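Annotation source TrEMBL lists active site, schiff-base intermediate with substrate at Lys192, Lys245. What TrEMBL lists as Mg(2+) binding site is Glu230.
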Amino acid sequence: MRPRRLRRTETLRRMVREHHLQVEDLIYPLFVMDGVGQREEVPSMPGCYRYTLDLLLPEVQQAYQLGIGAIALFPLIPHHQKDNAGTESYNPNGLIPRTVRAIKQAVPDILVITDVALDPYSSEGHDGIVQDGQILNDETVAVLVKQALVQAEAGADFVAPSDMMDGRVGAIRQALDAQGWINVGILAYSAKYASAYYGPFRDALDSAPKFGDKKTYQMDAANAKEAIKEVDLDIAEGADMVMVKPALAYLDIICRIKHHTNLPVAAYNVSGEYAMIKAAAAQGWIDEKKVILETLTSMKRAGADLILTYFAKDVALMLK
Ligand code: PBG
């Protein structure tokens, strides 16, 4: 055998290539903030911005024109609107519902995915209601349900619970169905790890925990079988798609879950993964474009059907 025979020319390599990164795979996460005419670069995510709604719309339009089919929205909430119960998260006229309505008007065909979690709205910076230093589960789920309903009402195509409370997928599914939102899907952050790779995202939204960490609800980095357990629960509760997050340090988890379920599997190429590539590229230490393509291709190879990535627009351009 001479395996090199199949590597001789680019044409041949293309023909025997096993996995392909496509623009259809990409979901573009976007940060939105209140105000008009402003965009602020996230310091730890060069090339990534928080946009006011008027400037977000052209960004969404551009993404759609590049072939990107979906965006995932995250809000920057001002301090005076934050409280322990995340009340602003289910304000029907809050930033996210207003943003969803505007996008659905301006770019009706792009899929809008909204984040269901309290952390951007929480004065404690946690994904749930805090009492005596504990994160309350069922009380939080009740708020998440209200949040998901407000997002569905605004026109979200998918709601994406990223909070890791137990039982939230089932509670959200039941409530959506009861209100007639049978076609609003659930993209469940099923295997979401307590990760240091989320640092830059918390800078972007000013959402870092005010005390402790998220280890009582997000998963331990050392666990793999537990990811399968979480996926099974979310599927039983009604998830339409499941997610692994972060992606790069968890390719084995993506692979296991892909083999375990027939549902589409999404991987989140998170903020810290983005920042590492940007930082090394800025030093001239790596070839940015090649490393981006290699990194995202590794997620496809591991089994990801969909990839959430801040590089979505860059990749769409590279693939053209
Ligand atoms: C929180 C949430 C986080 C991210 C998405 N949703 C951060 C966290 O759990 O603290 C991180 C995304 C990224 O790092 O790019 N509900």
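Every residue, even glycine, has its Cβ placed from backbone N, Cα and C.
Where the annotation comes from TrEMBL, it is an automatic prediction and has not been curated.
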**Message:** Cα-Cα, whole number of Å: Lys245 (active site, schiff-base intermediate with substrate) versus the residue listed as 'Mg(2+) binding site'?
**Reply:** 13
**Asked** Where does Glu230 (Mg(2+) binding site) sit by DSSP, helix, strand or coil?
**Response** helix
**Request:** With the Cβ under 6 Å from ligand 1 as the test, give me the qualifying entries from the recorded positions Lys192, Glu230, Lys245.
**Result:** none
**Message:** Roughly how many Å lie between the Cα atoms of Lys192 (active site, schiff-base intermediate with substrate) and Glu230 (Mg(2+) binding site), rounded to a whole value?
**Reply:** 9
**Complete:** Reading the DSSP string in three states, the entry for Lys245 (active site, schiff-base intermediate with substrate) is strand
**Asked** Near Glu230 (Mg(2+) binding site), which residues of its own chain have a C-beta under 8 A away, given they sit six or more steps off in sequence?
**Response** Ser190, Ala191, Met219
**Asked** Counting across all protein chains shown, how many other Cβ atoms sit within 10 Å of the Cβ of Lys245 (active site, schiff-base intermediate with substrate)?
**Response** 24
